[in-house]
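What TrEMBL says about this one:
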- GLY141, GLU142, SER143, GLY144, ALA145, GLY146, LYS147, THR148: ATP binding site (BINDING)
- 44-742: domain 'Myosin motor' (DOMAIN)
- 604-626: region 'Actin-binding' (REGION)
Amino acid sequence: MFLMSRVLSQVKGLIQKVHPPQRSLNDSLEGEIQAFLIDEDQLHTYDDLTKVNPVTPATVLKCLQGRYSMKVFYTHAGCTLVALNPFQSIPDLYSLDVMKEYHYARQPQEFKPHIFIVAEEAYRNVRGQLEPVNQSLVVSGESGAGKTWTSRCLMKYYATVASVSSVVKSQDTVERIERRVLDSNPVMEAFGNACTLRNNNSSRFGKYIQLQLDRCQLLVGATVQTYLLEKTRVACQPANERNFHIFYQMMRGATDEQRKEWKMSHDQSFVWLPNSEKTIEEDCFHETVKAMVHLGINAERQGEIFRILAGILQLGNVSFSSSADESQPCHLDAKSKNFLQRAAELLCVPAEELQTCLRVRTLKAGKQSVLKPCSQADCSVRRDCLAKVIYAQLFEWLVTFINNSVCADKSTWCNFIGILDVYGFECFQTNNLEQLCINYANEKLQQHFVAHYLRAQQEEYVSEGLQWSFVKYQDNQSCLDLLEGSPISVFSLLNEESRLNRASDAKTFRVRLEKELCDNANISWDKFSKVPHFTVAHYAGKVGYQIEGMAEKNKDPVPPELISLLQKSNNQLLHQIFKDNETESQIKKGPGKTTVVSKFKNSLETLMKILHSTTPHYTRCIKPNPECKPLTFKKEEVIIQLEACGIVETIHISAAGFPIRIPFQSFLQRYTLIAKHINSGSHSVVLDLEADTCPQRHVEKILGVALKHRHLSEERSTLVHCGRTKVFLTQVMLDLLEDQRKKILSHCAFTIQCCWLRYQRRRRHTHRQSATLIQAAVRSWLVRNRVRRWNRAAGVIQSTWRKWRSLLKSLAEAELDDAKDLVEEDAPALNPVVRERGSVQLSIIPEPVAVRGWPMGLALASAPSMTVSLTATGFQKMISVIASLNLPSRRGEYQVKTNQYTEELASIRAQPKVRTQTPSRNFLSFCSSDDLLFLVFSTGIHKAALSAISTSLR
């Protein structure tokens, strides 16, 4: 109740400043606040704080507290997303199923607030090619508010939804890029994050990650830009804080063999590893090594990296003691000499030269060099400087290697989505140059938010003719003028002090600051403090900065003899790092070299140019309690952060304004098709649009058609407004237009597909008919060609057969004798074997007649009704069979023609008067299958004749 009364008093004071004191108005506002806060059970239902009425710090705080108690950690605040850190793991909130749910949702804004809504909105802006196409996701908040985790979730989301490739050939590449982009996180967090008082995984550097997308909006690569690594943490850790994670990971995860190689025994302690007994989740050495392997860092290169880190730890144990003689270098005890020897071996440099470089300074007087022993303090500074420069250069090499590993060629990507994760606003008991640069970066980001959302929007409303009453907000431009203004500012005076060729005096510098900047209300001094300092009123509160040592840190001097020593290192990585930076080191020599502040300022200006050229999406991370306790909500902590980042003012402007602004020309190019296709009377609309030359009238007609189609004309004043050069839209109106445009494009695509399918079907039908005709013609040609070949073959066979038959007849005429000669001739005595096996008995001749060759046909012809037994072998058998057959050319008319002795025929040319039964079957019964087969192959008888023979045998 005490806090509530204090908040109400603050609200009352704010109202009295803005408006004249009106008692009734204040009473009415307090009554509305009390009425709103009565129903606390419903406060967690407000997904968007613009729905809160009235919008005050008290009502906003109470809504956030109610949602936090219900374990709802994301809330919309107009154009900004507010994220409360739960300080505990909630895996179901960021699972793969949740990612797909938001990615495939038709309207993600209708779902519960989530960081994936911001990610999906940016991704759809790239797909929709709305100018500016490139997107930036700015994650801001205090240290420990959850910025690093939020950035990690965003990268995982894009690596999931933007890597689903339907192209098989690029799937391996996509998986490789996706894995390397994700694996760059644990490596950079191990080398760039540390455990602080406010956060166990605090980013000690800023990074801007560009996720590169091709024309299909698929992830093809990434680049990482880093800003101001806090390298002083390597050699100087604030009280109750730790060094970078990678050192503790090596101590806990190294094997015995690795410890032996790195000269790190189990019982050894290191000065630069405070609070090593504290164990946190980030102390996972194997995950870091695994990620390095995926990025392409092989085992040999890893060994070189870890030996360098082990050498840095050994350097931290080296201590110096003053010499009694000032002309002699500082002494080293036995333990320090042992540590120095180990460091030299791990860094692969000669131990004697390393010892000399740390204890002796080289001064140049003209062309001569003078060696001067260093004091104990100077030796410690040189030792720390050596460790810092090695670690800083190693970190830069690591970032360059990651970029070379995951960056795509410029020709393969056309758009990007940037994720900005910078250190949060810091305020410690002792603040120096590091905190000044960190808070300056947060001031720049806050100014970008103010300029983009709070100031630029309201000024644009007025210039475009909207009826608008200005909402007052906290502008931090005066603080930026104090830090970076021209010609006189804190940074300009600090650079002048650093460029002087003398030791800086803190008191003198404080006097100069007070003299030059006394007119600026954002800087103040405590005149009663013994320690020189100055206090800056930042947007998030006042911070006091210690002046002592600030100029030296800004110089960031590196003794040239240390660089020369490292360039001679036998460690290939260390030699490569400093050999590549040899030219740069030579350029930086002299009083005009670039200071830390100048370098950081230039890098931030480059970042701001990128942010101004993209569409920004802001996520405000809020730290509910300073102790990082799970689900603990402290109102005092939260209200300060809400007031600092201007959440209440953002809600006011977002609730009453139009967050989306599109020029007329871009609007017409994108949404003219709505008026052309949305209804049946589109022809008249098209004519009106073409006849009208005023773009504003075109826009009015398109909006009228879109709202009339959705029956939302009565809400037009709250959804859209046409200015002089731009259209101002709410998210609801933009979703309505995009939905109608998507439906029209889908219908057009469907029509095109139908036409294309019809064309393809007709073409296939024509091709089928043509193929049928071609096949018919080819088959006809083949048949005709085959018939012609058969006819030619038949003609050849017939001609050959006629010739053969004629030859046989001529041979018969030549061999046959007249019948009288046969009767008158005395029959020779027959051989008993011939008489028994090679003769036939004729009815008119008493003696057996020997059958030789052609006369066998005559013997067979004279005895048609008797069974003839014939035995013949060898060549005679073949000739007898051939002579007994007179095969005509036509099938089924095979006959045996013989000389008819009884008919008194003396020549085979005479035809018989009576056709008798042919004894073919009786004769062929004497022939075996082998004989017939021999007959066929020996005489070339046609297959039709063979078929007839087979038939007669059956």
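Glycine is treated like the rest: Cβ placed from N, Cα and C.
Any TrEMBL annotation is an automated prediction that lacks curation.
Below 8 angstroms of C-beta separation, residues 64, 68, 77, 79-85, 87, 115, 118, 121-122, 125, 130, 132-142, 144-147, 150, 198, 208, 225, 227, 418, 420, 424, 440-441, 444, 448-449, 452-453, 632-634, 637-638, 641-642, 645, 647 of the same chain, each at least six residues beyond the ends of the region 'Actin-binding' (604-626), sit close to that stretch. Sequence-distant contacts of GLY144 (ATP binding site), defined as residues of its own chain at least six apart whose C-beta falls under 8 angstroms from its C-beta, comprise ASN85, THR196, ARG198, ASN199, SER202, GLY424, LYS623, PRO626, CYS628. Across the region 'Actin-binding' (604-626), DSSP assigns 9 helix, 8 strand, 6 coil.
Proximity of GLY146 (ATP binding site) to non-local residues of its own chain (separation of 6 or more, Cβ distance below 8 Å) is seen for ALA83, ASN85, CYS621, LYS623, given in sequence order. Neighbour density for LYS147 (ATP binding site): within 10 A of its CB lie 27 other CB atoms from the protein chains shown. Taking the Cβ of GLU142 (ATP binding site) as centre and 10 Å as the limit, one finds 26 other Cβ atoms among all the protein chains shown. Other residues of the chain with a Cβ within 8 Å of the Cβ centroid of GLY141, GLU142, SER143, GLY144, ALA145, GLY146, LYS147, THR148, the ATP site, are ASN85, ASN199, SER202, GLY424, CYS621, LYS623.
Sequence-distant neighbours of ALA145 (ATP binding site) (same chain, six or more apart, CB under 8 Å from its CB) are ALA83, ASN85, GLY424, CYS621, ILE622, LYS623, GLN641, listed in sequence order. Neighbour list (THR148 (ATP binding site), Cβ cut-off 8 Å, at least 6 residues apart, same chain): GLU189, ASN193, ASN201, SER202, SER203, ASP421. Each of the binding-site residues GLY141, SER143 was scored by how many other Cβ atoms lie within 10 Å of its Cβ, and the smallest score goes to SER143.
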